[in-house]
Every structure is written in structure tokens, then in C-alpha cells.
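Feature annotations, courtesy of TrEMBL:
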ACT_SITE  58  active site, for OMPdecase activity
ACT_SITE  60  active site, for OMPdecase activity
ACT_SITE  60  active site, proton donor
ACT_SITE  63  active site, for OMPdecase activity
BINDING   9, 31, 58-67, 117, 179, 188, 208-209  substrate binding site
DOMAIN    3-224  domain 'Orotidine 5'-phosphate decarboxylase'
Ligand code: C5P
């Protein structure tokens with residue numbers, strides 16, 4: 001079953017609570033990312049959990065293994081259920097994150113960001129081979145990620161077909177860059193609609209601005225839920 005996370009990309013705890021109210025009750029994860037965590041810190045996680053939300057802590061950790069292990073343990077103690085790290089941090093770092101995540105005796109799952117969905121061949125930084133072998137790079141990152149003990153990956157939905165062949169569920173595939181049909185792509189590059197991402201085997205759809213910037217976020221979320229159910 002595909003689930004939904006709403007990206008709480010807002011500037012303060014107050015705005016996060018307002019957004020949560022606007023969305024109404026639901027099973028969706030609240031994704032706390034760099035903006036909200038930098039502004040409001042662990043209080044944002046605590047407040048959203050107190051309001052009944054499961055929290056996806058999207059901190060995209062990328063540091064030396066010891067630091068990442070300790071940060072992952074802190075995330076687990078906070079009660080986050082999902083935590084992101086960058087696959088580019090390497091096998092030892094991912095292994096350390098998984099160890100830290102387990103150390104608090106809770107069930108925080110570590111998912112590794114493969115390639116940002118905002119990157120395409122033109123915008124890739126130096127250091128990547130040209131022409132860029134996207135599928136090979138993804139396959140290599142995935143093998144490393146899985147063998148290091150991560151629970152899954154974050155990837156673009158259009159990359160899922162190749163991935164799901166070798167890494168079926170329950171290996172967790174989180175897909176940002178989801179847009180309802182016809183809505184603007186903004187700074188994302190490799191996007192998909194809700195129905196496409198579900199069909200391709202996404203475990204968790206990340207919906208950001210298409211819900212949070214909608215005139216009626218609750219209606220936008222409900223439309224996405226319906227598209228998820230009746231794909
Ligand atoms: O507004 P939009 O739907 O583009 O938001 C996507 C969310 O997913 C943002 O919070 C962004 O940080 C996050 N994300 C992403 N690409 C990744 C990992 C996370 O866009 N590879």
C-alpha cells in the first residue's frame with residue numbers, strides 16, 4: 001500500500017500547526033525538513049507528534065559516521081519514524097545511521113537519498129561521468145545502501161521501474177517530486193503524478209507545494225488520497 005507524507009516546508013512552528021489544522025486529521029506523515037527543523041528544532045517534531053502525526057524527519061544527514069550515528073540516535077529518541085541520510089555519505093556512514101537509529105530501541109527507519117529529484121543531467125555537479133549513467137549510478141547506490149542496512153531509498157518516481165525489479169517491497173521507496181497532473185513542476189526535474197508513482201511501486205509519496213500552497217490544502221490532500229486509492 002502506498003502512503004502519503006506532506007512536506008511541512010514552513011518557516012515556524014506556528015505555521016506548521018496552522019498547516020496541520022488546515023489539513024485536518026489523517027494518517028499522513030508530516031515531513032519535517034531542513035527549513036522547519038532549522039527554525040523550530042525538536043519542538044516541531046514533538047508538537048506534531050502530540051497532534052497525532054507520524055513524523056518523517058528529512059534531515060538528509062551527510063557527515064562522518066560517528067556524527068551521523070549520534071544524530072540518528074537523537075532522531076530515534078525524538079520519536080521520528082523515518083529519517084533520511086545522503087547515500088553519497090558512503091557505506092560506513094549509512095551503516096552508522098542504521099546503528100544509531102536502532103540504539104534507542106524504537107522503530108525509526110533510515111532511508112537514503114540517491115539523487116535529488118531536482119537534479120538532471122544538465123544540473124549535475126562536476127564529478128559525475130558524462131554522459132551520465134543514471135540507471136547504473138542508481139543501481140550501484142542502491143546495492144550499497146541495502147547492504148549497509150538502510151530500510152530504503154528516496155528516489156524519483158520515474159526511476160522506480162529499474163529499482164523495483166531487483167528491490168521489491170518491503171524495501172521502502174520514497175518518492176518526492178510528485179505533482180497532480182497539469183500542475184507546475186517548479187524546481188523539480190524528474191517528476192510523476194500520484195497515480196503514476198503508485199503504479200510504479202512507490203511506498204511513500206511526498207507531496208509538498210502541490211498540497212501546502214493550494215488554496216484549500218485539505219481538498220488538495222483529499223484529491224491525492226483519492227488518486228492513490230483509485231489509480
Ligand atoms: O514542494 P515539493 O513537492 O517539490 O516538495 C518536495 C519535498 O521533498 C521537499 O520537502 C524536498 O526537500 C523533498 N525532497 C526532494 N527530493 C529528494 C528528497 C527530498 O524534493 N530527493
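One is the number of the first residue shown, and numbering goes on along the chain from there.
Using N, Cα and C of the backbone, Cβ positions are placed for all residues, glycine too.
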Practice prompt. Have a look at the recorded positions (9, 58, 63) and report the one with the fewest Cβ neighbours inside 10 Å.
Written response: 63
Worksheet entry | Residues near residue 62 (substrate binding site) in space but at least six apart in sequence (CB under 8 A) | 68, 85, 86, 88, 89, 93
Worksheet, complete the sentence: Among recorded positions 9, 60, 63, 117, 208, close to ligand 1 by Cβ (under 6 Å) are 9, 117, 208
Worksheet entry | Rounded inter-Cα distance in Å - residue 58 (active site, for OMPdecase activity), residue 9 (substrate binding site) | 11
Response to the item:
residue 60 (active site, for OMPdecase activity) sits from residue 9 (substrate binding site) (Cα to Cα, rounded, in Å) at a distance of 14
Worksheet item: Averaged over the domain 'Orotidine 5'-phosphate decarboxylase' (3-224), what pLDDT does the prediction give?
Response: 93
Fill in: Integer Cα-Cα distance in angstrom, residue 60 (active site, for OMPdecase activity) to residue 208 (substrate binding site)
16
Response to the item:
Simplified DSSP label at residue 59 (substrate binding site) comes out strand
Fill in: Alpha-carbon distance [residue 117 (substrate binding site); residue 63 (active site, for OMPdecase activity)] in Å
21
Discussion item. Within its own chain, what residues at least 6 apart in sequence put their Cβ under 8 Å from the Cβ of residue 59 (substrate binding site), listed in sequence order?
Written reply: 33, 34, 37, 71, 75, 83, 84
Discussion item. I want to verify one value. Collapsing DSSP to three states, which class is residue 65 (substrate binding site)?
Written reply: helix
